[in-house]
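TrEMBL has this to say about the protein:
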type	residues	note
DOMAIN	8-395	domain 'THIF-type NAD/FAD binding fold'
BINDING	25-30, ASP49, 57-60, LYS73, 105-110	ATP binding site
BINDING	CYS146, CYS149, CYS424, CYS427	Zn(2+) binding site
ACT_SITE	CYS161	active site, glycyl thioester intermediate
REGION	190-221	region 'Disordered'
DOMAIN	435-522	domain 'Ubiquitin/SUMO-activating enzyme ubiquitin-like'
DOMAIN	532-573	domain 'SUMO-activating enzyme subunit 2 C-terminal'
REGION	532-566	region 'Disordered'
COMPBIAS	542-566	compositional bias 'Polar residues'
Amino acid sequence: MVQLVGSLRKELADSLSTCKVLVVGAGGIGCELLKNLVLTGFKNIEVIDLDTIDVSNLNRQFLFQKKHVGKSKAQVCKYQGISLSSPDYNVEFFRNFMLVMNALDNRAARNHVNRMCLAADIPLIESGTAGYLGQVTVIKKGMTECYECQPKPTQKTFPGCTIRNTPSEPIHCIVWAKYLFNQLFGEEDADQEVSPDTADPEASWNPEDTAARATASEKDGDIKRVSTKEWARSTGYDPVKLFNKLFKDDIMYLLTMDKLWKKRKAPLPLDWQQLENSAYPQEESVGSGLKDQQVLGVWALCQLFQHSVETLRSQLQEKGEGAELVWDKDDPPAMDFVTAAANLRMHIFSMNMKSPFDVKSMAGNIIPAIATTNAVIAGLIVLEGLKILSGELESCRTIFLNKCPNLRKKLLVPCVLDPPSVNCYVCASKPEVTVKLNVHKTMVLSLQDRILKERFGMVAPDVQIEDGKGTILISSEEGETETNNSKFLADFGIRNGSRLQVDDFLQDYTLLVNVLHTEELERDVEFEVVGEAPDKAPPPQTNQEDVNSITNGNKDSAQPSTSSKGQQEINVFLSSSHGAANFVWSCLFVKYTDEENKYLNTLLFCKFSHLEIMEGSEIVIVGACPL
């Protein structure tokens with residue numbers, strides 16, 4: 001008869017008190033996870049977290065209180081918080097644990113822990129949440145996909161100097177406008193500054209030499225070095241003064257940073273009085289269709305800016321002294337303000353302006369943190385951990401938490417773990433990758449920082465050229481190869497077909513890089529990784545008859561399990577990828593007719609390792625498998 005301790009077998013319960021587990025991250029998921037581990041019976045838990053506690057954390061991270069704001073999360077949890085890439089956290093450190101559980105919120109840290117667990121051959125439970133969506137998966141060397149087996153969509157984060165000084169895409173201006181809303185009307189955040197960034201390393205200018213040219217800041221409202229909100233209040237939120245400060249004075253100040261504009265088109269300041277004098281009353285919007293899908297003209301945007309500022313000012317006054325507004329995409333005045341400010345900045349930096357509909361779609365892409373989702377995912381992490389400690393790794397699953405139940409009325413959808421990808425440049429037996437670049441324009445420093453560290457997630461790479469001489473191109477030892485940084489790859493004899501052996505001893509990771517020289521890269525693109533799926537994949541080489549007959553990547557299995565002789569009509573609806581591993585999910589609604597001429601609907605959930613989108617909205621599914 002099986003002996004139980006609570007709900008666990010006695011052998012498993014006994015092992016929990018001795019096994020050593022590592023929890024990486026003590027935030028939203030981490031707090032829930034630590035609570036679950038302690039209540040389940042784990043006695044030996046070690047936590048790593050590098051963040052400090054913010055006021056916004058207190059609504060869901062219940063291990064922290066108001067008195068802890070500003071302190072280290074790890075220290076409050078009575079554990080240490082040291083950089084994950086520190087030598088103290090090497091492969092030997094990870095080998096001290098029977099199990100590692102990730103509760104992270106950024107890709108770089110996930111990549112690093114993934115590689116360390118692979119090198120140490122320790123099981124890793126990866127997790128992630130996005131609003132109501134969540135995911136848990138298990139990673140084990142040689143048995144399952146690792147975190148980096150599948151390509152991940154680009155994370156939508158932007159450097160502060162890009163937002164403040166050198167926007168190049170509409171989204172940069174929209175983010176700036178949302179920051180501006182908070183600086184003027186909402187809760188000020190030092191990380192959301194909108195004024196020109198004089199610390200921009202690319203500017204490399206001397207403020208003392210150019211301050212005399214930045215005379216605009218001495219005019220229009222007697223601007224002083226105070227916060228944006230304080231200055232706006234001192235002007236009574238005067239729309240014209242705000243306009244000239246943001247779109248004239250600040251832009252003129254940016255122009256004094258000469259180096260920024262040597263290879264970029266310089267911005268063009270706007271002046272309210274000049275625009276008002278030259279404006280045409282009948283100025284029309286660009287585009288056709290519904291009103292919110294039309295792009296407004298510059299003077300119309302000025303008027304929208306003025307009206308929205310006046311409305312928001314009135315809302316502040318109604319709330320009383322010290323009140324703050326919260327930006328909401330469904331609040332018309334707030335949305336009008338962001339639309340006007342973002343488009344005016346786009347015009348200044350010579351970008352195509354966007355309609356209110358487009359701005360709302362881009363600005364509203366905010367994913368809230370929901371405590372309930374974190375709690376569910378933390379519970380699933382512990383359940384998968386118990387399977388691993390019971391020696392039942394084969395029964396582990398990738399589990400997706402969905403917002404709405406499926407046809408079986410299930411919110412949780414389990415999926416069999418996939419085997420490792422043979423093309424993975426991390427967990428393959430001999431990791432290898434091909435990089436397309438211009439050897440005459442790519443510097444050694446760019447290879448180190450942009451390609452090896454940023455793109456391939458290395459910490460301290462050593463690079464050796466396979467030229468028969470063993471030439472050391474980059475050394476992780478400080479000062480050894482710094483003189484190479486400003487030289488081009490071609491200066492070291494690197495050409496089309498050259499091979500570079502890259503070692504990162506901190507990650508116990510080796511990668512062979514094949515160099516493919518090209519002079520035909522797109523503008524502002526420094527390099528490309530060959531084999532990665534482009535944003536818009538070319539049409540596959542298959543005829544239309546074959547395309548229409550494939551439902552899950554296999555012609556022989558085109559019929560559903562309850563297939564009939566009727567003709568199938570297939571509609572594919574794609575939802576955005578989510579969760580830690582960023583798998584792409586889709587629903588296939590298969591409509592068919594049975595012998596009695598009745599219509600049935602079957603819902604199949606499929607996971608895809610790759611998909612190609614053809615022109616005309618036709619979707620071809622490659623390598624899909626029904627669960």
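Cβ coordinates are placed from backbone N, Cα and C, and glycine is handled just like the others.
Curation plays no part in TrEMBL annotations; they are all automatic predictions.
Listed in sequence order, the residues LEU118, GLU145, TYR147, GLU148, PRO420, SER421, VAL426, ALA428 complete the 8 Å Cβ shell around the Zn(2+) site centroid, once CYS146, CYS149, CYS424, CYS427 themselves are left out. When Cα-Cα distances from ASN59 (ATP binding site) are compared across the recorded positions CYS149, CYS161, CYS424, the shortest belongs to CYS161. If you take every residue in the domain 'THIF-type NAD/FAD binding fold' (8-395) and average the pLDDT, you get 83. The number of other CB atoms found within 10 A of the CB of CYS149 (Zn(2+) binding site), across every protein chain shown, is 22.
Around CYS424 (Zn(2+) binding site), the C-beta neighbours below 8 angstroms that are at least 6 residues distant in the chain are GLU145, CYS146, GLU148, CYS149, PRO431. Among the recorded positions CYS146, CYS161, the residue whose Cβ has the fewest other Cβ atoms within 10 Å is CYS161.
In this structure the alpha carbons, written CA, of CYS161 (active site, glycyl thioester intermediate) and ASP49 (ATP binding site) are 27 Å apart. By a simple count of nearby Cβ atoms, those within 10 Å, the most crowded of the binding-site residues GLY25, GLY28 is GLY25.
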